[in-house]
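Have a look at the structure below before the remarks.
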Amino acid sequence: MRPTTRTTRCHRTGKERKKLGVAETFAENVPRHLFRKEIIRLKAISEFIKKNIGFLYVLPSFLLLVLFSLLPLCMTGYFSFTEYSVLKPPVWVGLNNYKSMAGDPFFRPAIRNTVIYTLVTVPVQTVLSLVIANLLASRFRGRAGNFFKSALFIPVISSMVLVGTVWKFMLATEGGIINNILGLVGIGKVNWLGRYNLALISVSIVAIWKNVGYFLVIYYAGLMDVPKSLYEAAKVDGASPLQQFLYITVPALKPITYLVITLGTIWSFQVFDLVYTMTGGGPGTATITMVMSIYQSGFKQYKMGYASAMAFVLFLIVIVISILQKKVFSGKGGE
């Protein structure tokens, strides 16, 4: 007669029970139907973890996004409807801050200068970075290519404040290296940062000089993915280098061009440190930008509510422009 489970359990010694392990001891002390349910539950938990483990990996980044992006955005939206300063609690004023923008003597010049700055920098740095990247990929390889890429990328890794300070001294009317060079060829001194119609253009040129290297690297990486067979077939058909560039390179890099234009537009609308370092917004309102106007309202005049309203308007403008760019490039096969 075979011993039952209960009999076997009773005749086991302490050492034997120790050798069984946790799982078998648990199975002996729990009814079979409950044990099966526990196994099923543990398997379900294991499957759930396997399927959703990716969410755990992105959770820290998501929390940081909420903490440093979404939460400040919501707070800015709320404060834009209030009269708020650091000295007193916010008071709800509705749309008064948005209505005040129409009569603000600095807000309209800030929008105008920001738009002009964007229209100058974005197209020029996009075209320049694409052309230079194409030259490096097709004509300059090896050590020469690496040298030029490194030289052009140095401004990118330099601090914007440092770049602005250096160029401010270089463009100085008295003793600036640019005017000294112009003097050698018989051109008189130019007040690059002090003339109303030259200051914004001068700042834009410096911004282009700094950003070209970054977008160049993006374009260069994209060029490495363009099939070489397309260029070889074009050569066989007698296409010139210019035709290859216009009909092969440019269409193949449309998704990257969309990225470059979008990033350039966002950066241009957010420009502050370069302008603040080089001109401080002057002369007059010649170089004041939207972000600088927000800074002056919030941190110099302590009008946090009004500054929040301007910041929210800037956010909406950037969103609308980004959506329009997306539609334009999608319609042209940019995706």
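The backbone N, Cα and C atoms fix where each Cβ goes, and this holds for glycine too.
Summarising the annotation, TrEMBL assigns domain 'ABC transmembrane type-1' to 111-325.
Positions annotated as transmembrane segment by TrEMBL: 55-81 (among others). Under 8 Å from some Cβ of the transmembrane segment (55-81) lie the Cβ atoms of residues 90, 92-95, 97-98, 304-305, 308-309, 311-312, 315, all in the same chain and six or more residues away from its ends.
If you look up TrEMBL, you'll see 115-138 (among others) marked as transmembrane segment. Within the chain, the transmembrane segment (115-138) has long-range Cβ neighbours (under 8 A, six or more residues past its boundaries) at 145, 148-149, 152, 200-201, 203-204, 207-208, 211-220, 223-224, 241, 245, 249-250, 253, 257, 260-261, 264-265, 268-269, 271, 289.
Under the heading transmembrane segment, TrEMBL lists 150-170 (among others).
Residues or ranges marked as transmembrane segment in TrEMBL: 176-193 (among others). Note on the transmembrane segment (176-193): residues 168-170, 199, 202-203, 278-279, 283 of its chain, located 6 or more positions outside it, place their CB under 8 angstroms from a CB of the stretch.
Annotated transmembrane segment per TrEMBL: 200-221 (among others), in sequence order.
Among the features that TrEMBL reports, transmembrane segment is placed at 245-267 (among others).
TrEMBL lists 274-294 (among others) with the feature transmembrane segment. Residues 104-107, 109-111, 113-114, 117, 160-161, 163-165, 167-168, 171, 193-197, 199-200, 202-203, 206-207, 210, 307, 310-311, 314 of the same chain, all 6+ positions outside the transmembrane segment (274-294), place their C-beta atoms under 8 angstroms from a C-beta of that stretch.
Listed by sequence, the residues of this chain that lie at least six past the ends of the transmembrane segment (306-324) yet keep a Cβ under 8 A from its Cβ atoms are 73, 76-77, 79-82, 84, 97-98, 100-101, 107, 262, 265-266, 269, 290-291, 293-295, 297-299. Among the features that TrEMBL reports, transmembrane segment is placed at 306-324 (among others).
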